[in-house]
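**Q** What TrEMBL shows for this protein is this:
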- 110-129: transmembrane segment (TRANSMEM)
- 149-169: transmembrane segment (TRANSMEM)
- 236-254: transmembrane segment (TRANSMEM)
- 266-286: transmembrane segment (TRANSMEM)
- 306-325: transmembrane segment (TRANSMEM)
- 337-364: transmembrane segment (TRANSMEM)
- 376-405: transmembrane segment (TRANSMEM)
Amino acid sequence: MAARKKELTASSAVSFTDCVQPAEQMQSSHLEEAIQGRMESGDKGTLPSDASLCRDLMSSSDTGSPGQGPRCVRAQQLCMRATAERDVRLDLPVTGAAGDMSSAPASGGLRLLVCFLGVFVCYFYYGILQETITRRTYGEGEKQEKFRFALSLVFVQCIVNALFAKLLIQCFDSGKTDRTQSWLYSACSLSYLGAMVSSNSALQFVNYPTQVLGKSCKPIPVMLLGVTLLRKKYPLTKYLCVLLIVFGVALFMYKPKTGSGDGDHTVGYGELLLLLSLTLDGLTGVSQDYMRAHFQTGSNHMMLSINLWSSLFLGAGIVLTGELWDFLSFTERYPSIVYNIVLFSLTSALGQTFIFMTVVYFGPLTCSIITTTRKFFTILASVILFSNPISSIQWVGTLLVFLGLGLDATYGKGSKKPSH
């Protein structure tokens with residue numbers, strides 16, 4: 001309760017400072033009536049979720065001088081009361097009840113369904129396409145070959161992601177200016193594309209369920225790097241959830257010795273690539289947290305710039321290594337793969353868009369639950385469609401991993417701010 005009171009005091013102090021700015025949009029009396037009317041009618045879902053409405057009201061005083069007179073004081077009282085009744089900060093970037101499904105309006109149910117189906121369908125199809133592209137055998141007879149152009153695949157994916165992000169910025173964020181330093185984007189893009197290339201390359205050595213389960217362990221490196229680099233402090237439940245995930249992965253990866261050294265060696269390469277991908281994912285998350293904390297970087301601008309830098313690095317890489325020409329020759333021999341690659345990139349970009357919408361409208365908890373559910377059914381579909389065998393012990397390990405992810409999404413998000 002004391003912490004809540006302190007937060008309200010700090011929020012009101014920021015709003016009171018904003019009283020010195022002139023009103024530009026509405027008359028103060030109309031604004032005051034708008035806030036008061038919403039509160040009296042019980043329509044708390046539409047109370048102001050940022051300081052803009054309160055700032056306009058407080059900036060116009062009945063004494064003729066901005067920030068003075070009883071009207072400004074009355075505005076401050078109304079905004080503090082509105083904030084308390086909604087139990088959210090005035091600087092919350094979204095309206096509605098993010099993370100509180102019960103208080104969502106009737107249209108919120110339809111919006112949630114759209115977000116759920118968008119994330120589920122896009123990434124479900126994304127996983128099927130990824131396994132089809134990377135693990136399928138092309139050609140007939142002695143001329144059979146596999147797709148081994150991970151750099152080119154990620155290059156196309158980054159270009160489509162950048163185009164989608166640019167479209168989103170033009171539609172929704174055209175008035176926002178991104179002040180994030182370019183070197184941060186370039187550094188973050190290296191870990192970002194490294195994680196994707198390692199993840200796609202791992203599919204040459206492990207089956208898709210193993211790759212999905214391995215990538216589901218992202219909370220482990222994120223937490224470790226957060227503790228070591230950002231000095232974050234996590235609750236005990238977070239550590240317990242991560243231990244449950246680690247135990248589940250250990251069960252899934254455990255295989256009795258069969259005496260086939262070559263098979264074990266091949267699986268070892270895939271596991272190392274997944275470990276590298278997870279580590280780079282953790283570095284990417286730390287970099288993105290730093291940009292949000294110091295530059296308030298928006299998701300669309302971050303998506304655009306990181307993918308542009310990644311496209312630049314990958315473009316140079318596939319040209320210098322000669323992979324580009326081999327990739328084009330491969331697509332010429334098997335033109336059907338072009339269709340799958342385009343769909344693969346589109347579902348990736350659309351999936352990121354729906355994830356962003358879910359976080360904005362319903363909060364990260366709902367998004368985590370949806371993505372965790374999607375991953376489990378993706379593994380199930382891979383087992384059925386591609387006949388990937390999973391033993392009973394591996395199923396137990398899979399259930400433990402997703403149980404840990406679900407508990408982490410529900411109870412493990414209480415991390416404190418970095419202590420400096």
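Glycine is treated like the rest: Cβ placed from N, Cα and C.
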**Q** Please work out whether the transmembrane segment (110-129) lies in contact with the transmembrane segment (376-405), by counting C-beta pairs under 8 angstroms that are 6 or more apart in sequence and asking whether there are at least 3.
**A** yes
**Q** Relative to the transmembrane segment (306-325), which of 149-169, 236-254, 266-286, 337-364, 376-405 accounts for the most Cβ pairs at distances under 8 Å?
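**A** Checked against 149-169, 236-254, 266-286, 337-364, 376-405; highest Cβ contact count belongs to 149-169.
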**Q** Would the transmembrane segment (266-286) count as touching the transmembrane segment (376-405), i.e. at least 3 C-beta pairs under 8 angstroms with sequence separation of 6+?
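**A** Answer no, regions not in contact.
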**Q** Using Cβ atoms and a strict cutoff of less than 8 Å, what residues sit near the transmembrane segment (149-169) while being 6 or more residues removed from its termini?
**A** 133-134, 176, 193, 196-197, 200-201, 300-301, 303-304, 307-308, 310-311, 314-315, 317-318, 321, 323-324, 326-327, 330, 341-342, 344-346, 348-350, 352-353
